[in-house]
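Data block below; observations after.
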Amino acid sequence: MTDAIVAEGLVKKYGAVTALDGMDLRVPEGTVLGLLGPNGAGKTTTVRILTTLLVPDAGHASVAGFDVVRDAGRLRARIGASGQYAAVDDHLTGAENLEMVGRLYHLGAKRSRERARELLERFDLAGAADRPVQGYSGGMRRRLDLAGALVADPPVLFLDEPTTGLDPRARIGLWEVIGELVAAGTTVLLTTQYLEEADRLADRIAVVDGGRVIALGTADELKSQVGGDRIELSVATAAGLATAARTLAPLAAGDLRVDDAALRVTIPVDDGPATLTSALGRLAAEQVTVRDVGLRRPTLDDVFLTLTGHQAGHTTKELSR
Amino acid sequence: MNAMQLAVADGLTIAKRNALKIRRAPDLLGGVVMLPIVFVLLFTYVFGSMISLPGMSYGEYMLPGIFVLTIVTSAQITGYTLTQDLQKGIFDRFRTLPMSPSAVLTGQTISDVIMNLASVITMSLVGLLVGWRIRTSPLEALLGFVMLVLFAYAFSWVTATVALALRTPEVFNNIVTLVSFPLVFLSNAFADSSRLPGPLGVIAEWNPVSTLVQAARELFGNTSPAMPAPSAWPLRHAVPVSLLWSVVLLVVFVPLATRLYKKAVSR
């Protein structure tokens with residue numbers, strides 16, 4: 001499989017601030033790479049270089065086989081980009097916005113008009129097609145912006161924090177649209193600070209911090225770096241906690257953790273569901289009262305925390321629950 | 001299509017976008033149509049009723065001045081729109097498209113000069129209603145309008161340059177107002193510049209606005225033999241010097257604005 005996006009050793013400095021510090025990326029054709037990291041990690045700078053908006057200070061990159069610096073002109077005909085600030089014109093209607101983009105891709109007047117209508121239909125904006133964008137909701141603007149990126153049916157798509165600032169319903173709506181594009185074979189580079197978003201949309205995830213990739217893999221591979229499944233179990237009494245810890249120790253795949261204050265024991269396990277069943281059987285035999293029990297997979301939050309030592313932005317909590 | 005045709009086609013696409021925007025933005029439309037009408041009526045009836053000139057009405061003397069005041073004001077739309085667009089992501093979208101990079105500025109200035117032409121036509125019609133007259137041949141009058149529109153186009157590039165250097169709409173508005181008012185009023189637009197004291201008179205006589213106003217008066221025939229002819233060199237050759245000013249502004253500010261645009265968007 002050829003790589004639709006290749007970046008090698010990208011460096012970008014703004015004065016004393018190093019935005020990118022040796023960024024390496026490879027995105028095979030037809031796959032989705034999620035660039036996951038907190039604000040200031042270098043995600044947007046990477047996208048701006050790959051979409052020809054910025055010239056790197058060092059390193060090189062190519063998209064769809066074209067060098068981002070030397071072949072910028074031809075590259076632009078092969079990509080679509082949708083940013084975190086919806087790049088649409090307030091005073092123009094949805095249809096006029098898309099038509100203008102079509103004209104600037106040199107599709108011709110008639111084809112531009114047709115394409116605008118097709119996309120408005122597909123993005124559920126047909127009803128608002130002839131209204132100025134000024135009156136659109138945040139979700140509608142993002143959908144229109146994404147539609148703008150798709151006017152020329154580009155084989156490679158860059159989505160820079162496509163759902164930042166959207167309410168949960170609009171976010172899920174946009175995820176569905178992106179999911180359809182991916183299913184149709186578009187190569188996508190997606191940046192996000194939402195762990196759930198990367199988990200849901202990306203084939204592989206590159207965790208970015210300090211302007212470079214610090215971990216790369218599928219969501220499952222990254223999670224397994226942090227450890228496998230674990231059983232979390234709360235009991236009613238301190239005596240019960242001691243009994244539970246003693247009884248369940250033989251089932252653990254590693255060290256089990258006992259939290260006396262919360263009356264909770266955490267047990268790393270290899271075969272989660274089977275171990276959970278037998279654990280509950282043993283506790284019942286010992287007559288330990290179980291308050292709460294759950295099989296928990298490590299989240300990307302855990303991954304991020306383990307890799308970087310800090311949280312992935314302020315949204316981490318909300319999404320991990 | 002070759003590069004040149006692409007640049008023209010893309011420029012027209014952007015110009016169309018801006019024309020649509022102006023049509024839908026009441027504040028801009030007001031500046032293009034309402035303000036010129038207000039200027040003509042206000043100056044004609046307020047000052048025109050109080051000031052008398054030998055051999056001609058003040059209203060007729062002053063209307064070319066109002067033309068120039070308005071085109072200098074309207075050309076600021078170019079800069080203002082650019083600062084607004086800079087605040088949004090729209091230039092990023094343009095720059096990821098396979099379009100001609102110069103089209104953003106040419107398109108913007110083309111649409112604005114069309115607006116400026118609309119302003120001049122509006123003012124001429126209102127002017128004719130309140131007693132302004134063209135007293136020269138149609139050819140001279142046509143040259144007068146062409147000269148005004150050419151200067152408007154050149155001045156759009158000046159405001160574009162200022163806008164791209166300053167970047168925010170508020171700062172741009174303040175600075176441009178601060179510069180354009182003295183530029184227009186320290187001239188012969190509304191009074192005989194030769195009667196200004198000392199250095200102010202010299203500044204006014206060499207002010208390109210004075211030259212343009214004088215040229216417009218000559219080409220529309222809004223002069224009177226009873227009034228003293230201007231003695232300063234640029235005013236004695238007002239038509240060629242006005243055209244020269246427009247060309248010089250274009251030669252200086254088109255490349256400058258283009259360079260600043262590249263700098264402003266690639267950060």
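Using N, Cα and C of the backbone, Cβ positions are placed for all residues, glycine too.
All TrEMBL annotations are machine predictions without curation.
Copied over from TrEMBL, here are the features:
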type	residues	note
DOMAIN	B:27-264	domain 'ABC transmembrane type-2'
TRANSMEM	B:28-49	transmembrane segment
TRANSMEM	B:61-82	transmembrane segment
TRANSMEM	B:103-130	transmembrane segment
TRANSMEM	B:142-164	transmembrane segment
TRANSMEM	B:171-191	transmembrane segment
TRANSMEM	B:243-261	transmembrane segment
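Stretch with the largest number of CB pairs closer than 8 A to the transmembrane segment (B:28-49), among B:61-82, B:103-130, B:142-164, B:171-191: B:103-130.
Beyond its flanks by at least six residues, the transmembrane segment (B:103-130) meets 7, 10-19, 22, 28, 32-33, 35-37, 39-41, 44-45, 59, 63, 66-67, 70-71, 74-75, 77-78, 81-82, 91, 94, 145, 148-149, 152-153, 156-157, 160, 254, 257-258, 261 of its own chain at Cβ-Cβ distances under 8 Å.
In this chain, the transmembrane segment (B:243-261) lies out of contact with the transmembrane segment (B:61-82); the count of Cβ pairs under 8 Å, excluding pairs fewer than 6 apart in sequence, is fewer than 3. Remote same-chain residues near the transmembrane segment (B:142-164) are listed as 67-68, 71-72, 74-80, 82-83, 86, 105, 108-109, 112-113, 116-117, 120, 136, 172, 175-176, 212, 215-216, 219-220, 239, 242-243, 245-247, 249-250, 253-254, 256-257, 260-261, 263-264 (criterion: CB distance under 8 Å, separation of at least six residues from the stretch ends).
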